[in-house]
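Annotated in TrEMBL:
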TRANSMEM  12-35  transmembrane segment
TRANSMEM  41-65  transmembrane segment
TRANSMEM  85-106  transmembrane segment
TRANSMEM  118-137  transmembrane segment
TRANSMEM  149-170  transmembrane segment
TRANSMEM  217-246  transmembrane segment
TRANSMEM  258-277  transmembrane segment
TRANSMEM  298-316  transmembrane segment
TRANSMEM  336-358  transmembrane segment
TRANSMEM  365-385  transmembrane segment
TRANSMEM  391-414  transmembrane segment
TRANSMEM  452-473  transmembrane segment
REGION    486-509  region 'Disordered'
């Protein structure tokens, strides 16, 4: 029964990797066209957007996904879409207006960077259109139109690269925001047309009582996601915002590069969580014993693969910087180790949220974990950066916050469900991948690092086979059977309250 979940996860990961490829090409070109200072300007503006944008969510995207996945038919799904979109606009429009109104004060008075005023105003409109697109995206996922969503995601990444790069070439960092806004508007129209086609170009509005009922159902689970998004936003943006106040744009640019490098690890959790949660929520409601068994089996695979990927990223960080950004960004290399580990722990924590906390309705553990993530990171960032810790202090604080969150989460899960997350298999695979992680801190030649990689690959292959962790051949063989199955969206009305769904993105649009 795990084959369908693993197959959908596999295709989700393939889609994400293709998107990463386009994103990498775009990032490489943009970084090489801009100086570290100009790239730091982009980082500051996106940090503003991250803080402001998170307040529009109210958990509506995730709540919408769950309710649509339980809808009996497209008519009911249409009413859920109408309700969620209406609430989103009531929240987003005042936020966008506020950012436009105070953009001059933020850029000129607080940060003394008038160069980013234009980008800050443009990003306000990007927040608006992204807010709409998130709702549409989650409705399509809730309807389990996975193939359609996968294709649109890939096209979005490709077009973004083709649009953003020329604008950056001619207009520098302002061109980044112009190109991004054009891409968002274009694909918002495409997503909306795709959804309307699914609905037969008939959008039904709920009556007053239906609106209230849907709002309570969506917001009832969404409030916890909303709080988590705010806390996550503090984790992600506090380093750049505080460092931007105390340091130079060049240093902010190095930190942004290091964070962006580690952030690619989140592609794993982003790609599979919107598949994990509908499946794991149903399994928890039907059979807790099978739920625990399937989680352990699936978790071992993802932990092993992503930890090895993290080790690879650390071991060859110097070569990655030279290829992606050039020698101007080599000062960012000491930041890579902490950044990669921070996002590895965060990625594993998000998998735990998607597979354990929300399906089991452990909202207390969910919010407590995110509180630790935000408070620990924010406090340590301010303490270290304000005392001259610079970019190293900021990224080390992110690592500490993510590691503490992971430790708390595994203890909480054991306490509530008696699931030993960090078991013997996890410990063994951690030891297998440890040389790769530490190799990035040691001054070794390229040939020595390649030899270490070969040795680690041999160990990885042996222990995954010996421990029975990976069986990707079976997943691939079952792909043709499951890839096109839409799944069962029918649910008993009472099932709506049997757990929460983490949805697609626990942390961002």
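Using the three backbone atoms N, Cα and C, a Cβ is placed for every residue, glycine included.
The transmembrane segment (258-277) makes no contact with the transmembrane segment (365-385), as judged by fewer than three Cβ pairs under 8 Å among residues 6 or more apart in sequence.
When each of 12-35, 118-137, 298-316, 336-358 is checked for Cβ pairs under 8 Å to the transmembrane segment (85-106), 118-137 comes out on top. Proximity of distant same-chain residues to the transmembrane segment (118-137), defined by a Cβ-Cβ separation under 8 Å and at least 6 residues beyond the stretch ends, is recorded for 41-42, 45-46, 48-49, 52-53, 56-57, 60-61, 64, 81, 84-85, 88-89, 92-93, 95-96, 99-100, 103, 106-107, 149, 173-174, 176-178, 180-181, 184-185, 187-188, 191-192, 194-195, 504-505, 509. Stretch with the most C-beta contacts under 8 angstroms to the transmembrane segment (336-358), considering only 12-35, 41-65, 149-170, 298-316, 391-414: 391-414.
Counting Cβ pairs under 8 Å to the transmembrane segment (12-35), the stretch among 41-65, 149-170, 298-316 with the most such contacts is 149-170.
Beyond the transmembrane segment (298-316), the same-chain residues lying 6 or more positions past its ends with a Cβ under 8 Å from any Cβ of the stretch are 2, 5-6, 9, 261-262, 264-265, 268, 272, 276, 336-337, 340-341, 344, 347-348, 351, 355, 421, 425-426, 429-430, 433-437, 439-441, 449, 452-453, 456, 460, 464, 467, 469-470.
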